[in-house]
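Following: one structure in C-alpha cells, then a few remarks.
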Amino acid sequence: MDGIVQNMFTFIVILEIIIGWIGNGFIALVNCIHWYKRRKISALNQILTALAFSRIYLLLTVFTVIAVSTLYTHVLVTRRVVKLINFHLLFSNHFSMWLAACLGLYYFLKIAHFPNSIFVYLKMRINQVVSGTLLMSLGLLFLNILLINSYIDTKMDDYREHLLYDFTSNNTASFYRVILVINNCIFTSIPFTLSQSTFLLLIFSLWRHYKKMQQHAQRCRDVLADAHIRVLQTMVTYVLLCAIFFLSLSMQILRSELLKNILYVRFCEIVAAVFPSGHSCVLICRDTNLRGTFLSVLSWLKQRFTSWIPNINCRSSCIF
C-alpha cells in the first residue's frame, strides 16, 4: 500500500514540475520574442523573464534529485557529490525566492503611494532599488554556500567521506535537517519576510487610495478600483503560494525522524512545488500580454486539432 501511495505522490510531483516547466517556459519564450522584436525590454519583463528561468532551473534540479533518489535508493555519495547537489538546490532556490521578492518590491514601489520623502526617493529610483536588492542578495548567497559547505566538510569527515543517499538512515536525516535549518530559517526567511512586508504595505496604500477615490466621479473610481483589485489579487495569490512554500520547507525541519518517512518527504515536495508551478500560471492569467498570447496559442492549437480530425476520418474512409 505504501508503495502505491509513494508512486502516486511521485507522479503528482512530476506533474507539477511539468506544469511549471510549461508555464515558466512560456513566460520566458514570450518575453524573449518581444525583446528580440522590439530591441528593448521593460524592467518588469526583465524580472519576469529572469524569474521564469530561475524556476525552470529549480524545477529541473528538484526533478533530478527525485529521479536519482527513486532509481538509486541505497547509493553512497561522496563529499563532492553532496556539495554539488546542495549548490544547485541553494543557487536555484535563492534566485527563485529573491526574484519573486523583487517582483513584489517592484509592484509595491510602482503602485503604492506614501507621503514620505524616503519612499518618494526610492520610488523615483525603482530600477536601482530592485537591482541593488538583487545584488545584495548575492552576498547572502555566498554566505549561505560558505556555511553549508563548512558543515558538509565537518560532517563528511565523521562519516568517512561517504554518505548514504537515503533518508531512512539516521545520520542522513540528521545531516540534511541541519542543512534545511540553515537554508530555510536563516536565508529563505529573508525574501519571504520582504514579500510579506511589501504586500501588507501595498494593501494599506490601496485601501487609503480607495477611500480618497470615493470623493471623485463614479466612473473614474470604478476603473481605478478594478485595476487595483487585479493587482491586489495577484499579490494575494503570490503571498499565499509563497507562505505555502515556506510552510512546506519548515515542515521538513520539525524532527529528523520525519525525514526518514519517504511519504512525508514526498508530501512536502508536492506542497512546495505548488509555488514555482502555480505562480507562473497566475502570472500568465493576470498579465495582459501573456494572457493574450496564451489565448492565441490555444486558438491556433484548437484550429489545428479540428482540421486534423477530418483528415484522419478521410484517410480512414479511404482505407476501408
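Positions of Cβ are set from backbone N, Cα and C atoms, glycine also.
As written in TrEMBL, here are the features:
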type: TRANSMEM; residues: 12-36; note: transmembrane segment
type: TRANSMEM; residues: 56-77; note: transmembrane segment
type: TRANSMEM; residues: 89-109; note: transmembrane segment
type: TRANSMEM; residues: 129-152; note: transmembrane segment
type: TRANSMEM; residues: 174-207; note: transmembrane segment
type: TRANSMEM; residues: 228-251; note: transmembrane segment
type: TRANSMEM; residues: 263-285; note: transmembrane segment
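Comparing 12-36, 56-77, 89-109, 129-152, 174-207 for CB pairs under 8 angstroms to the transmembrane segment (263-285), the maximum falls on 12-36. Among residues of the same chain six or more beyond the transmembrane segment (56-77), those with a C-beta under 8 A of the stretch's C-beta atoms are 10, 13-14, 17, 20-21, 24-25, 28, 85, 88-89, 91-93, 95-96, 162-166, 269, 273, 276-277.
By the Cβ criterion (under 8 Å, sequence separation of 6 or more), the transmembrane segment (174-207) is not in contact with the transmembrane segment (12-36), since fewer than 3 such pairs are found. Within the chain carrying the transmembrane segment (89-109), a Cβ under 8 angstroms from the stretch's Cβ atoms is held by residues 43-44, 47-48, 50-51, 54-55, 57-58, 60-62, 65, 122-123, 126, 129-130, 133-134, 137, 140-141, 144-145, 148, 183, 187-188, 191-192, 194-195, 198-199, 201-202, 231, 234-235, 238, 242, 276, 279, all 6 or more beyond its ends. Sequence-distant contacts of the transmembrane segment (228-251) (same chain, at least 6 residues past either end, Cβ-Cβ under 8 Å): 100, 103-104, 107, 111, 180, 184-185, 188-189, 192, 195-196, 199, 202-203, 206, 209-210, 258, 268-269, 271-272, 274-276, 278-279, 282-283, 286.
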